[in-house]
């Protein structure tokens, strides 16, 4: 099944594969483009020609039967790419209609050159009339978006928004040049109207806004083209300028390519304690435990309420269960501290609740992890809500220190969804989603460890190393209860095995989680609606034991 996912990927050269695994700021690229062109002994107009031609090749291969292309050009270099596409489409025998936005300033030199070349082959254009209804030829069967580029911040101007909303409502395929108009290339924020593209062709490097935030709803399928700049982009100084890693399907082979030693035994494969399952929330720890066992942890023990011991052992007899009966805070904490001595990895949160049981579990976990800095501590769900209370003096946090004594835990992993992140940062969910990369950095600083910020385009950030990754796997079917509990188990089980450092363990766990969901969705064309969290667990062994790809398969890209 994993190989079938790989088979859907496009062919890429070795250096292109390197570039597809990294992400650069759009602002950095705009500043670097003159040097990039100079490295090829060409000017920026020639670089624009390469971009337009690359986009035309992508779109024409995707839409071989579309005969009337509508190309919308703005007043910047994105519009210049549109003129190049228009020229190539016309030369290929397509009917081409070019509509341009009115602009008070002259076009940039490169865009003006592309416009001149379009007109030189007999091309024409029509300037749109702001406020007037948009009149389009009835037989248009492909719309090419070249309105706005990577420099946009905030909502488009009203005249652009009107056009964007109009074309989004048409039953015609839409493709975007470099980035859908209205999408923030740095953050993935959509502050106003944004083109909903079926496909996007982007150039030279991947930008963060194409992979996270609201991007998944607007980019469609992403196609990356390096424009012949692979050697220049992979030079050490450019690689050091990369903003973050992109973690995707091919990285499965990097994370899990080393086989387990034939001399391994359960004691060497890690001892995990999972704490959760307060009264009324027993299913969460069950799913976490099953995921932890399935991903390869040597020994897994669950601390939960007595009523969940039998169901858990029935469903997952490989796990051990310790029933926590007392409701007295001090006794709870002491019982948990004693149990934690056995473990090499702790995970606290699934079904934890925010009462005395949860408070005691979090206090004990933080105390133990502060003393045993070599152990990994995973915090999720109500453990994060309780942590937020301590940070901001709410819900009993004052009694627990109100954030005054939070330890620095470099090996900790916190896994908030946007709502939990907002509580931890004392802000609105919209503030988290406005810039997910910045939010992840702030979240990781709380305990000085690694943050996994959930959501489309999961962000992983390590505070101590300042490393960041965007995990490009998973789908909308993961919007269901229990998914986070499965992730917690995966992270704890992987951390216990000590295959990688905490940052890479977190990336690997998020990748396994997302790829498992993609496998479920791809099976027999099932789709994303109605995926259950427990279904992911059964795909995990296929991922973590995936054979390395053949040399031919290694040339395939797991994404754009």
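Going from the start of the chain as shown, residues are counted 1 onward.
Yeah, the Cβs are placed from backbone N, Cα and C, and that goes for glycine too.
Model, not experiment: these values are computed from the prediction.
Of the listed candidates (39, 45, 113, 181), Swiss-Prot assigns 181 to the same K(+) site as 78, 145.
Between the alpha carbons (Cα) of residue 145 (K(+) binding site) and residue 454 (ADP binding site) lies a span of roughly 30 Å. Neighbours of the K(+) site: apart from 78, 145, 181, residues of the same chain with C-beta atoms within 8 angstroms of the site's C-beta centroid are 72, 74, 79, 82, 146, 147, 148, 149, 176, 177, 178, 179, 180, 195. In the structure shown, across all protein chains, 478 is the one of the binding-site residues 476, 478 with the greatest number of other Cβ atoms within 10 Å.
Neighbour list (residue 351 ((6S)-NADPHX 2 binding site), Cβ cut-off 8 Å, at least 6 residues apart, same chain): 276, 277, 278, 281, 282, 283, 284, 285, 304, 381, 382, 485. When the alpha carbons of residue 458 (ADP binding site) and residue 181 (K(+) binding site) are compared, the span between them is 23 angstrom. Here the binding-site residues are 458, 480, and the one ringed by the most other CB atoms within 10 angstroms is 458.
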